Every structure is written in structure tokens, then in C-alpha cells.
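J.: Dumping the structure here so I can ask a few things about it.
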Amino acid sequence: MSVQSAIKRKTAPEIRARKGGDPVVMLTSYHAHTAALVDRYCDVILVGDSLGNVMHGFETTVPVTLDMMILQGRAVMRGSKEALVVVDMPFGSYEASKEQAFHSAVRIMKESLCGAVKLEGGVKMAETIRFLSERGVPVMGHIGLTPQSINTLGSFRAQGREESNWAPIEADARAVAEAGAFSVVIEAVAEPLARKITADIAIPTIGIGASAACDGQVLVLEDMLGLSPWAPKFVKRFGDLGPGIEAAIKDYADEVRSRAFPGPEHVYGMKAKS
């Protein structure tokens, strides 16, 4: 047995059991190298459809395809060893029917070898979540601000900032939990509402722009590292890597143009004649 196969990955049931316990730490990753770094400190790695923004420069996540998600899911699985890897189901891969969702989820899990999928939606997607969960597909829900619905929402804005708007979001949370999801992401929801939902439902809540009272937190890796030119209000910059990377690229370009690089220590000499 290889060393890698001997290491036990975290599972969806283990994350489910963290409700009310130690906070679940989750970050995104789309590459084997960053996955290896994230894996050392995080319980869950999300291969998010935010890769459309971060990797491909799309304005929204709508253009992301199933094949794109599977490809990056494979990379993250190869780079990580212990974290539960969750892959987003992209827009158009699950909404038409629960059967379509199952077919897409099976492709993701079989071809990437990930441990769970994530899909957006509450009450309207509850039947689909139940259908998948009953057929061996662990599902992480996603409510509040749902980026795949940008063309319906019109803009990315926080949800539930007036108490009169709480009921539909609370209903979404209950529906996802009762349908069998093992956890749910709550995005850009007013803090008091996120806190209330966390207290009211039986599965872990993973906050992103929600509340410190949530059962866990998630951020986009590039946002928290300072690699994105802009980040939402809810992002804390834990690093400022952008300027350092730019400085390194500038130094490289300057040394190439001045022929300072490569130096003698970076090239190969001839073998000594015997």
C-alpha cells in the first residue's frame, strides 16, 4: 500500500459531525500545487466554479463547463491527501432535472475522484439534493447569494438585510438540511440571519460573508492571498502576494534583457574528458 493511499481523507459524514464543534476550515483551490499547500491546514478544499473568474477571466461563473470542473477537480485530488475535496456543479449541469443532476454528479465523482459535490439553490433544489443523497452522492448546499443566478438577480448584493426578507432564506436553509445535504454554504447574508440559521438547522453552515457564528468559513484562495485586483467586502487579505509576484517578474525581465540571467551557476558546462 502506498503512503498516499494509507492516509485517510476526511469524509462528508465527518464534516457533518462537526456541527456545533470545531469550526470547519475551507478554501478554494484549482491546481495541484496550491491544493498541496491548502491541504496542510484545511478540512475541506472547494474546487469552486469561481475558477471561471480566477483562472479564465470570466465576469461571472455562468460560462464554466462540467469538463472544466472535472479537469481541475482531478488536479486538486492529485495535489491533496487529507482534505475532503468538494467540486462545484456548474450552471446548466443540474437544474433541468434530478436525473440530469445525478448524471453530472456521477461524472464529476467518477472522473475527478472527489468526495462530494456542491450545488446552488434551496427549496427549488431540495428534491434534487434528496435524489442525489439517496443515491450515494454527498451534497453540499449553497444558499443566500447564489452567483450562478446573477442574470436573474441583476447584481451581486447581500441578502436578508431587512428582516422582512428573512423567511425565504430560512426556508431554503431548512429545505437543504432536510433533503440530506451534509453541510451548506451561506453566502453574503446579513449576520443576524446567518447566526439564526446556524442555530436552527442540524447541518454545519459554512459562511462566506455571513457570520463568525457559522460552523465554518470559506474564502476564495486568490482573494485572501491578495492576488485578485478586487475582492468583496467580506474578504480579509491574509497576504499581499500580488506586488511580490509582479516585482519578481519585473526583475526576471530586466535580467533577461540585460543578459544578467542566466548566470554561470544556471548553465551547464562540458564534461571533463577522461
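Quick reminder: no glycine exception, Cβ is built from N, Cα and C everywhere.
From Swiss-Prot, here are the annotated features:
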BINDING   ASP49, SER50, ASP88, LYS118  3-methyl-2-oxobutanoate binding site
BINDING   ASP49, ASP88, GLU120  Mg(2+) binding site
ACT_SITE  GLU187  active site, proton acceptor
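Burial and contacts for the listed features, if you can.
T.: DSSP classifies SER50 (3-methyl-2-oxobutanoate binding site) as coil under the three-state reduction.
Remark: GLU120 (Mg(2+) binding site) has HIS142, ILE143, THR146, PRO147, GLN148, SER149 as non-local neighbours, by Cβ distance under 8 Å and separation of at least 6 in sequence.
In the three-state DSSP assignment, the secondary structure recorded for GLU187 (active site, proton acceptor) is strand. Other Cβ atoms within 10 Å of the Cβ of GLU187 (active site, proton acceptor) number 23 in total over all chains.
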J.: Does ASP88 (3-methyl-2-oxobutanoate binding site) have same-chain partners at least 6 apart in sequence with Cβ under 8 Å from its own Cβ, and which are they?
T.: LEU46, VAL47, GLY48, ASP49, SER50, VAL64, MET69, VAL117, LYS118, LEU119
J.: What number of additional C-beta atoms lies within 10 angstroms of the C-beta atom of SER50 (3-methyl-2-oxobutanoate binding site)?
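T.: Result for SER50 (3-methyl-2-oxobutanoate binding site): 21 other Cβ atoms within 10 Å.
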J.: Using a 10 Å cut-off, grab the number of neighbouring Cβ atoms around the Cβ of ASP49 (3-methyl-2-oxobutanoate binding site), all chains included.
T.: 28
